[in-house]
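Feature annotations, courtesy of TrEMBL:
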type	residues	note
BINDING	Glu134, Asp165, Gln191, Glu239	divalent metal cation binding site
DOMAIN	409-553	domain 'VOC'
BINDING	His412, His485, Glu562	Mg(2+) binding site
Amino acid sequence: MRRGIATVCLSGTLEDKLTAAAAAGFDGVEIFENDLIVSPLSPAEVRRRCDDLGLSVDLYQPFRDFEAVPPPVFEANLRRAERKFDVMEQLGADTMLVCSSVSPDAVDDDDLAAEQLHTLGVRAAQRGMRIAYEALAWGRFVDTYDHSWRIVRRADHPAVGLCLDSFHVLSRGSDLALIRTIPGEKIFFLQLADAPRLHMDVLQWSRHHRLFPGQGAFDLTAFVGHVLATGYSGPLSLEVFNDVFRQADPGRAAVDAMRSLLGLEESLGEPAIAAPELTGHAFTELAVDESTVPQLAAALTAMGFAHTGQHRSKPVQLWTQGEARVLLNATGGPTEISALGVESADPARSAERAESFHAPVLPREHRAGEADLSAVAAPDGTAVFFCRDGWLSDFTPTGSSAAGAGLLGTDHVSLSQPFDNFDEAALFYRTVLGLQPEMPTEFAAPFGLIRSRAVTNPANRVRIALNVALLRRGEWAPGVPDPQHIAFTSDDVLATAKAMHAAGAPLLEIPANYYDDLDARLAPPPDLLAALREYSVLYDRDEHGEFLHFYTEVLGSRVFFEVVQRIGGYRGYGAANAPVRMAAHRRLRLARQSG
Ligand SMILES: O=C(O)c1ccc(O)c(O)c1
Ligand SMILES: [Mg+2]
């Protein structure tokens, strides 16, 4: 299938947009009228530029407020259309998108709309062009695709067909079954956009919050499946109005866009390199500056870890306890999570798949005899390594062994995302690693709203929690700047908390108010509540089970650890408790600053 993108998806000048679309591998573009109007390039020059870049101009859009108007307005609209046909001729575009009218001049008269579109079709055909009529979800009289189809049928001209836009169709909750009754050759164009489920004015929703397929809540696979079943053979073209993408580096946004189409095509059954099964978190690497190493070493030791291995050629320490593994990589930079190691059933294929989804492949650095691990960069710069047995032999045993405090492995890794990359990150993990994004949740933290979205594999062996502040951070200092953490599992979190407490681990103290509220809300058994309170362990419950968890203080500027126990298939991450943790971290930081 040909892949297209509307210039309105991307930031910058028309040249920036075309260059970015071509570099990401798109076959064609929809030229959004305003992008042309503000450009110093003539339409003929734009066409040459597109030719040079290997892009076709698949659509000129939008032509607004055309149909169902009184005769004098209609004459003016026809004149306006002819001028645009002139532009399209030079652009080499043969299809014009006409979106349903929002004009106060329009009347509620399908026969008139059809008759006027027929006339426009006659004019278009004289110039070898076509009209694709699109129902805007907020059109004055035509706001559903079935209504636009009735009018196109009534217009009854070979040069008048439909433009279907997934946003307008899915935002209205229209019945999709009717799509299959439309002859494929009458669908002149297909525009694709996803969106989060929001209950708001549909125009605002469309103009600010559209997303690339796979980033939102719409079932694009089902929608496109219906359209392809008609025999539609035009491009799959993205049309996403989004406040963040409008400001983002267009090269990067175009790659994100392409990744979304590749993911969609895979879900439609197009061949792709299948994602090998991920069987767990192999390790999490912390980049550490020298001054934080003693603090981290002391904390890990008190948590029952031991420094069990030293890398043969790099300044990297391996700390282990059970299957929980932390690497301390003395890079000298600020302490932060720098890499995730995921266990793959087939690391080479995982890397091939990643590359096929345009993940940036990181240069390999390994010496003879060392494991040759492939890694790709996630949108926030975190390296993702694909591992399978063997990699541990790059570490010389130190002879130490972990005292142990009951930790078994890694439950999840939580990464704060840069504001601009949140949706890109969820799609990256979905496509590149084959993880499933859960629905985003939001909670009110002391320093602003936080949106959280987990990506997991079907067996829940790999879980990554992505977090973002809902607005760019202001001047008012947040409690902890973009915290990150690693959550380890225990099958007896209270015993683990007790052991770590006794060993002097820097555990986070939770205020009494939390436990009073917990008692009021969830009424855990009194013995359990007393133990939770004593060891600052938090508690949550969902329809599947229970969750017990506790935290350490922040080590260095932004990293901390969590210990969790899932009982009976609890699915979440204790989001209800996150604000309590954030306030407690903030309190400690203030105490440290003044103390
Ligand atoms: O928001 C708009 O005006 C607009 C314009 C053209 C489109 O194809 C569309 O879906 C929306
Ligand atoms: Mg559209």
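Just so you know, glycine gets a Cβ as well, placed from its N, Cα and C.
Neighbour counts were taken at the CB atom with a 10 A radius for the binding-site residues Glu134, Glu239; the maximum falls on Glu239. On the 0 to 100 pLDDT scale, the domain 'VOC' (409-553) averages 93 in the predicted structure. Sitting within 8 Å of the Cβ centre of Glu134, Asp165, Gln191, Glu239, and not among those site residues for divalent metal cation, are the Cβ atoms of Ala6, Leu97, Cys163, Leu164, Ser166, Phe167, His168, Phe189, Leu190, Leu192, Ala193, Ser237. Glu239 (divalent metal cation binding site) sits 34 Å from His412 (Mg(2+) binding site), taking the Cα positions as reference.
Across the structure, Gln191 (divalent metal cation binding site) and His412 (Mg(2+) binding site) are spaced 37 Å apart at their Cα atoms. Considering other CB atoms within 10 Å as the measure, the emptiest surroundings among the binding-site residues Asp165, Glu562 are those of Glu562. Only Asp165, of the binding-site residues Asp165, His412, His485, Glu562, place a Cβ under 6 Å from an atom of ligand 2. Close to ligand 1, meaning a Cβ under 6 Å from one of its atoms, are these of the binding-site residues Asp165, His412, His485, Glu562: Asp165.
Listed in chain order, the residues near the Mg(2+) site other than His412, His485, Glu562 are Asp411, Val413, Ser414, Ala465, Ile486, Ala487, Phe488, Phe561, Val564, Tyr573, each with its Cβ within 8 Å of the site Cβ centroid. Nearest Cα neighbour of Asp165 (divalent metal cation binding site) among the listed binding-site residues (His412, His485, Glu562): His412. In the domain 'VOC' (409-553), the DSSP tally of helix, strand and coil residues is 45 helix, 50 strand, 50 coil.
Around the Cβ of Gln191 (divalent metal cation binding site), the number of neighbouring Cβ atoms within 10 Å comes to 25. Glu134 (divalent metal cation binding site) and Glu562 (Mg(2+) binding site) are 51 Å apart (CA-CA, integer value).
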